[in-house]
Amino acid sequence: MKIDILSLFPEYFDSPLRSSILGRAIKRGLLDIQSRDIREFGLGKWKQVDDAPFNHDGMLLMAEPVVKAIRHVKRSDSKVVYLSPQGQLLTAKKSRELAQCSHLIFLCGHYEGIDERALESEVDEEISIGDYVLTNGGIAALVVIDALSRFIPGVLGNQESADKDSMENGLLEGPQYTRPRVFEGREVPEVLLHGDHQAIAKWRKQISLDRTRERRPDLYIRYLYDRENEEVTQQETDLKQSMLEGESAVILEVEDLHRSRKFYSKMFRLNQPVNNRLHIPGKTQMTIHLQEVGLKSKNIVLLSLRLGCKDDFFSFLGRWKMLGGTLEQADDRGEVRLVRDFDGHVWAISCKQAE
């Protein structure tokens, strides 16, 4: 694979591309990566590449030098990628997709960004590595290159490890252990010590499911959606029915019954619940049973609610926040917004127009 990186600071990439796995892949000819200076295509005697934007502070990369730099390295099979927080979030699936390209051009932003006309003219796709702003796009380019290189045959010593690593099946990886069997009183789980591969695989899958559900509910929701037509365990099936259709009844363990009853009654504009039961309106007629457990550890539940239009969607989110609930991230496709109640139970909120 050939990769060209367009940046104002091409030397920024020298050390990372000489080191470790990427460095070895380049030496072996599996990767051909060149970093190029956009200033070479600057305007006038002083090679100007930036200017003040209209009606805005800071400096912006000009369209002409950027377009010239891209066209200088572009060929018929090239894919031009701009690293931007506005782009599609980088995932294992996207990394694998990029690894199939024969020539990638990574455009790194600097200062306040790049003149929009250059992006409209030359860029095929924008990719983000997260919802935050970096000092330059070079860091993001290195992250994407490292992620996609794992899927190029020969780059890793054992290609099978790339397929089995964490995130490849949509779930987080479970814990790993090595010797000694006991460290500071903490023991390796017994199931790993007897060589029963079927039992170990089952244990790893369950730990992976539990860890993803607890730590990354957004990933867990997407995992359930993506596996809709695949065989799943009974536990996953029960949860998926809750996510996709709404089950007839679900138990929410709560710390303070009065607080949760008041919260959900106001959220769904219900009359006071009968016997701690809440009947959620809609096609599925879900019933929520509130069960007070005090300070004991709760069994966290994932639920789904699809609203009829965007106005209802944003009204629901605003009401949730106003009543003291927590708004969390959207899923990686921007289709689902996660919210948490006081006790940590997660709702995946979407609207029909977003699907």
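The backbone N, Cα and C atoms fix where each Cβ goes, glycine too.
For the S-adenosyl-L-methionine site, Swiss-Prot lists I129, G130, D131, Y132, V133, L134; matching the candidates G109, G157 against that entry yields G109. Each of the binding-site residues I129, V133 was scored by how many other Cβ atoms lie within 10 Å of its Cβ, and the smallest score goes to V133. Around L134 (S-adenosyl-L-methionine binding site), the C-beta neighbours below 8 angstroms that are at least 6 residues distant in the chain are A140.
Close to the recorded S-adenosyl-L-methionine site, the chain also has P85, S128, A140: residues not among G109, I129, G130, D131, Y132, V133, L134 whose Cβ is within 8 Å of the site's Cβ mean position.
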